[in-house]
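What TrEMBL says about this protein:
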- 24-46: transmembrane segment (TRANSMEM)
- 25-445: domain 'Ammonium transporter AmtB-like' (DOMAIN)
- 58-80: transmembrane segment (TRANSMEM)
- 124-146: transmembrane segment (TRANSMEM)
- 158-183: transmembrane segment (TRANSMEM)
- 195-213: transmembrane segment (TRANSMEM)
- 225-245: transmembrane segment (TRANSMEM)
- 257-276: transmembrane segment (TRANSMEM)
- 288-306: transmembrane segment (TRANSMEM)
- 312-332: transmembrane segment (TRANSMEM)
- 353-378: transmembrane segment (TRANSMEM)
- 398-423: transmembrane segment (TRANSMEM)
Amino acid sequence: MNTTVAYGAVSPAVPPWLNKGDNAWQMTASTLVGIQSMPGLVILYASIVKKKWAVNSAFMALYAFAAVLICWVLVCYRMAFGDQLLPFWGKGAPALGQKFLVNRAKIPESNHTRDGTYETIEPFYPMATLVYFQFTFAAITMILLAGSVLGRMNIKAWMAFVPLWLVFSYTVGAFSLWGGGFLYHWGVIDYSGGYVIHLSSGIAGFTAAYWVGPRLKSDKERFPPNNVLLMLAGAGLLWMGWSGFNGGAPYAANIDASIAVLNTNICAATSLLVWTSLDVVFFGKPSVIGAVQGMMTGLVCITPGAGLVQSWAAIVMGMLSGSIPWVSMMVLHKKSTLLQKVDDTLGVFHTHAVAGLLGGLLTGLFAEPELCALILPLSNTRGAFYGGSGGKQFFKQLVAAMFVAGWNLVSTTLILLGIRLFIPLRMPDEDLAIGDDAVHGEEAYALWGDGEKYDPTKHGWNTSMYAQDITVPSPYVADARGVTINL
């Protein structure tokens, strides 16, 4: 008697340990996080900067996405999630071999057991899925960092900086907090990258902005977005992609993933509304750019505890992430000599370092014991709000933040000083005055008359028809930058 089975149910491609639902969700989450960078941040960066820097800003993100992937599979994945070399670093090795990629995923020695020993976490999908998922986090960290140095960093210096920072900075934070390093074993909570990604990119970006130097004075004083609506499209991709960012953190399509996705959106919405309200109260009108910044700080703040806090706590975190970074950006920044001295183009320090630190500390307060129990390595964890050992948890979160910030400050400085020996970190002023055309030989928009003098013979204006002075129709009075056209 013939029987039927589901397609692939007995295939060698479906080993007994594979959970198709988990694998499908993890690959979907990976794609969502990838879309945050490509095209999300590419679009956002190209739109939020001055028109003459649109191509360069987009290219910095595009290059980083590609370069990180190759470095990741060649050596960096196993530096972040491989066998331990040092308490804060893994043994680097390629993640390219067939035998490595088709085997069941595992994270070495990253799970506490009741008797105090460690065991390996093994999700129900192949290593190839985990390698790609973690790559998308590494890539977006690098691209977020770029936001601090847009509009003046030498593109060749950036091309050298990306692989070096990935190797010597990102992998350290990732291994220490996620890959079985000393902070993980100590019980520090970083659910989906508040420290590994956001605090790191914010501190490293601020440090890089200091060493690269400022934009031209004219750019710094006036840097309007060239396309606000397209900027919103990029921001929308970033927000929606965050469901994969935090929803993929449990390494499974489980209850905690659902909690994380809901909390992520609650916190982002609350933060956006609070930031916008503060803009209205103090400046008299809601700012679209401000709304995007409020959205961003909410997404960043919830990240270290998305699946570990109750939804009412997500609202509280949203209220704080919409107000504290607002104060640091709109008030403290204007009063601080240090903050004003460093030209952080997109304010990554405020939207990522401040919001990431805030989220990590609030997670130390609001991590709910029953939700923590859903994540095996955190089964005995609780925030200070729930008593018991919660006070120690808050202290651990603070110490971990100091380590991550300190490492990124030092490593970023050393990397840039090393690059500076061979490549100038900042473009020459003459290139900065021109922008994209000088750097890439390309411009974002092919607008008539943009940057060129009016030539009657070239543009078909028949001057022989006019014996007297004429009044030029309005489209011909000035080009897109307000340069008057003379006949």
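A Cβ is built for glycine as well, from the same backbone N, Cα and C atoms used for every other residue.
Please treat TrEMBL annotations as automatic predictions, because they have not gone through curation.
Computed from a predicted structure; not experimentally measured.
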Segment-segment contact (the transmembrane segment (225-245); the transmembrane segment (24-46)) at 3 or more Cβ pairs under 8 Å: yes
Residues of the parent chain within Cβ reach of the transmembrane segment (312-332), under 8 Å, 6 or more residues beyond its termini: 262-264, 266-275, 278, 282, 293-294, 297-298, 300-302, 305-306, 339, 347, 350-351, 354-355, 358-359, 362, 366, 368
Distal contacts, the transmembrane segment (24-46) - CB-CB under 8 A, six or more residues away: 54-55, 57-58, 60-62, 65, 123, 125, 129-130, 132-133, 135-137, 139-140, 143-144, 146-147, 150, 227, 230-231, 233-235, 237-238, 240-245, 247-248, 251-253, 257, 292, 346, 444
Mean predicted confidence [pLDDT] for the domain 'Ammonium transporter AmtB-like' (25-445): 94
Listed stretch, out of 124-146, 158-183, 195-213, 398-423, that has the most CB pairs under 8 angstroms to the transmembrane segment (353-378): 195-213
Residues of the parent chain within Cβ reach of the transmembrane segment (398-423), under 8 Å, 6 or more residues beyond its termini: 154, 156-157, 160-161, 164-165, 168-169, 172-173, 176-177, 183, 186, 188, 190, 195-196, 199-200, 203-204, 207-208, 211-212, 353, 357, 360-361, 364
